[in-house]
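The feature compositional bias 'Low complexity' is assigned by Swiss-Prot to 15-31, 164-179, 341-358. Per Swiss-Prot, compositional bias 'Basic and acidic residues' is recorded for 180-192, 247-259, 368-384. As annotated by Swiss-Prot, disulfide bond applies to Cys320-Cys323, with the evidence given as sequence analysis. The domain 'CoV N NTD' annotation in Swiss-Prot covers 31-156. Here Swiss-Prot flags Ser190, Ser192, Ser379 as phosphoserine, drawing on sequence analysis. What Swiss-Prot lists as phosphothreonine is Thr378, and the listing cites sequence analysis. Among the features that Swiss-Prot reports, region 'Disordered' is placed at 1-32, 44-69, 121-145, 164-195, 238-259, 326-409. Positions annotated as region 'RNA-binding' by Swiss-Prot, on the basis of sequence analysis: 29-160. What Swiss-Prot records for 226-333 is region 'Dimerization'.
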Amino acid sequence: MASGKATGKTDAPAPVIKLGGPKPPKVGSSGNASWFQAIKAKKLNSPQPKFEGSGVPDNENLKTSQQHGYWRRQLRFKPSKGGRKPVPDAWYFYYTGTGPAADLNWGDSQDGIVWVAAKGADVKSRSNQGTRDPDKFDQYPLRFSDGGPDGNFRWDFIPLNRGRSGRSTAASSAASSRAPSRDGSRGRRSGSEGDLIARAAKIIQDQQKRGSRITKAKADEMAHRRYCKRTIPPGYKVDQVFGPRTKGKEGNFGDDKMNEEGIKDGRVTAMLNLVPSSHACLFGSRVTPKLQPDGLHLKIEFTTVVSRDDPQFDNYVKICDQCVDGVGTRPKDDEPRPKSRSSSRPATRTSSPALRQQPQKKEKKPKKQDDEVDKALTSDEERNNAQLEFDDEPKVINWGDSALGENEL
């Protein structure tokens, strides 16, 4: 069963990700949610998960004897016109003696329950780990040191610095990303510069759709806080936040397209992969303080080196060529498209809006059967869906073996 020995393969995310921050609490709260994020089936009616290793998520707070529990199926639905629509199941992990099946002993047969245990676990014991209160604690990222679920399932990489006010869109950890095949797959999937930028832009768009909404007041605060702490809100131009683009001095990055689109321009996300963190700026830079009549000026000089062996080296060079001192220019592939013949004809006296061809009305699709569309979501289903923070397949930027490592967005 799932409690067998590891086969040598692993579904664990890339080992370059260093896990810091809080660990799962040792004692549970009054909530009844899983401490960990879910694994999700890729298709409807998928069989129950099988694990290459023990199937128990990593938790350094627990002894080996306590590393046992169960995965429980959670049916999922999303609202649709006239009712709800089923989506692939999610499976949540609970320690033995906790969660919705707290009354079961390890190994008891029940539909929608898969028991798992690490080697050396005392499956006769019951856990005091408790469950999670979603109002107080975020889901803890899944990590499997000895192998994850089979290829019918996926889970999303959650960075530990994710706040409660927003949701992260990051790399999906799935069976296809196993360690032995990672090096080969990186090279095959590195893609062209156009694909890289398109995927980067898609990440930003998805993050805006699924994340918490930014109010006008919040956007204004983001754009007008202390200059060195500003970020560009959605819908803002670069020069609205950081001033006009220039040449040969501070503020010289960004062409006209980037200035107009702001963070929607995928090149912004691509280049942020090379920008140092605040700690790197402070401790890895040459810092030069200088007293001026208006105050203290801090000059921070930092150099990021992108190896010529980096799969994205040419792409970064191209973006720099376009955007450094790029004011007044646009990418060659961003020339305005000529208007169609029908729309470019000069207006005449005989022209009238009434003569324009009306778009054909879409035929109404027949209503789905009762087994596909049911009533509105129940309160229990809404609660269950509330902890499903990643319903859609994430959009992944494959940076390859970049100079700074993987998954740095």
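Keep in mind that glycine also has a Cβ here, set from the backbone N, Cα and C atoms.
Computed from a predicted structure; not experimentally measured.
Counting every protein chain shown, the number of other Cβ atoms lying within 10 Å of the Cβ of Cys323 (disulfide bond) is 23.
The Cβ of Cys320 (disulfide bond) lies under 8 Å from the Cβ of no residue that is in the same chain and 6 or more residues away along the sequence. Residue counts for the region 'Dimerization' (226-333) under DSSP, helix first, then strand, then coil, are 43 helix, 16 strand, 49 coil.
Summarised as a single figure, the pLDDT of the region 'Dimerization' (226-333) averages 90.
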